[in-house]
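> Sharing the features that TrEMBL gives for it:
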type    : residues               : note
BINDING : 97, 141, 142, 143, 144 : phosphate binding site
BINDING : 220, 222               : substrate binding site
DOMAIN  : 57-267                 : domain 'Nucleoside phosphorylase'
């Protein structure tokens, strides 16, 4: 491993916490009188987190606020907790950064586009769930993605998130040092979601690796960006290499999602990646 690169490994206590409560890997939070979740416009000094969110068991996150509002309306109908035409208020109405909706045990949160945006959201979401004393949480990222070797409309349940060189890792520079974090996702959850897909039998569904890129255009080999210094043959060769490495779709959030779920002891899945 190159100089300056460090690996992080959870302790046995952190591993065991995965079965129950959220693990906050930050001892500094214990010294704070109030934790302000700035980008949610929420805070422990102004909101009763256990009362508001203590019953949450499932969190679904996706890119756009409008999509996550539509999702919570759908879930409310499916669970019999809402009526047609019901409105669901945005819990984060005090900010325009993210939107959050809740019905019963389900929380629906937007995360914007790309690793930086979802990373900020996840830091505050994980703290929210911890302050609310939530346990046995499942977080699922839903959204669209670019498929590789799949028919449009297919659904990919992610086994591993890989970077643009097909390595299952998330790389981040912290205090000038490169930190490598695992991007494996919960295997049992992937199996359960695949079984659900078979029972519903509405979409072509596969389990595969998801490539997470830092860019929508050059990073994903597109030919229609403002800058493109490769040709179509090189693009197709790269996509073939990705497919041979087990990659079935491409998006821009899964790596940090997987890494942060792992460190926080949260059962996570990048599922329902609807390919276009």
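From the backbone N, Cα and C atoms, a Cβ is placed for every residue, glycine too.
Any TrEMBL annotation is an automated prediction that lacks curation.
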> Between residue 220 (substrate binding site) and residue 141 (phosphate binding site), what is the CA-CA distance rounded to a whole number of Å?
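Cα-Cα, rounded: 20 Å.
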> If you count Cβ atoms within 10 Å of each one, which of the binding-site residues 144, 220 comes out on top?
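That would be 220, with the most Cβ atoms nearby.
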> In the structure shown, with every protein chain counted, which of the binding-site residues 97, 141, 222 has the densest set of Cβ atoms within 10 angstroms of its Cβ?
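Result for the most crowded candidate: 141.
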> Measuring Cα to Cα, tell me the gap between residue 142 (phosphate binding site) and residue 222 (substrate binding site) in whole angstrom.
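Spelling it out, the Cα of residue 142 (phosphate binding site) and the Cα of residue 222 (substrate binding site) are 22 Å apart.
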> 10 Å Cβ neighbour count around residue 142 (phosphate binding site)?
19
> State the Cα to Cα distance, in Å, between residue 141 (phosphate binding site) and residue 222 (substrate binding site), rounded to an integer.
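Each residue's Cα considered, residue 141 (phosphate binding site) and residue 222 (substrate binding site) end up 24 Å apart.
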